[in-house]
Amino acid sequence: RSAWCFALLVLGYLLYLVFGAVVFSSVELPYEDLLRQELGKLKQRFPEEHACLSEQQLEQFLMRVLEASNYGVSVLSNASGNWNWDFTSSLFFASTVLSTTGYGHTVPLSDGGKAFCIIYSAIGIPFTLLFLTAVVQRIIVYVTRRPVLYFHIRWGFSKQVVAIIHAIVLGFITVSCFFLIPAAIFSVLEDDWNFLESFYFCFISLSTIGLGDYVPGEGYNQKFRELYKIGITCYLLLGLIAMLVVLETFCELHELKKFRKLFYVKKDKEEDQVHIMEHDQLSFSSISDQAASMKDDQKANEPFVTSQSPTSNDSSLNN
């Protein structure tokens, strides 16, 4: 049964991938076509209006600008005051690297920075997982397990029903505190973001997808940019912890545990017991053999004791 369920799971996942590809292609392809046409017209009109600039020079300039933009460096005059590698921006970058969000908006430029990023991530990502696991295990005791046991023991409600209601309420509180309210705040603080774009940023960030198309605090007229970056870093860490607490709460539901077991390989208990018996027999036989050999050594070392052959023992028994 588990094999058939696993096959259905694989098929369903592949169909879900194909479904996403079809929807994204049908929705985004027309917008990409319009943008390409617009850029093509602008590029064609620019050399006509500036005869002193050749098309090859324009191509080289655009390639260099796009390359710098991929590294988070803008040539626009209104963005020249924003440094990508001051302390607060570097702290924000370190938090996105360790949380595996990775917006890709700011990346190391030097070879030394790239080498350090590899070493820093190789050590820091497991360290972050250990840190988040320890924090979530402590929080979930007070946020999930004790409230469920309290209503189950004190009021006599069914534990499964209380767990489901508690998970729904906790999920609603988390969505409100880490998605809806921050989205409203970002839509006010960021000039070019509406509520949908702000909510999109919150979801992409806290789910650690990190596409990097929306990064807060990058506006040229951003007030208190350093403090704003530190606040966003704290928001990402707290929001990631809250998401893990909610996921752990839902994973502890009895219904989800039963559903997950449909796709797991069941262990053969009889084979496990046979292996255990074989190991026990080997251990007992080895102990008995060692004890017998030790007794023989002691008899051989004792004085005034002669060893009798098996034939003499048989003759004495016959007599």
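Positions of Cβ are set from backbone N, Cα and C atoms, glycine also.
Fair warning: this is a prediction, and the values are worked out from it, not measured in the lab.
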Range annotated as transmembrane segment - as stated in TrEMBL, picked from 3-25, 118-140: 118-140
Within the domain 'Potassium channel' (175-251), residues counted as helix, strand or coil by DSSP: 54 helix, 0 strand, 23 coil
Intrachain neighbours beyond the transmembrane segment (227-247), with Cβ under 8 angstroms and 6 or more residues off its ends: 88-89, 91-92, 95-96, 99, 101, 132, 135-136, 139-140, 143-144, 167, 170-171, 174, 177-178, 182, 189, 202, 205-208, 216-217
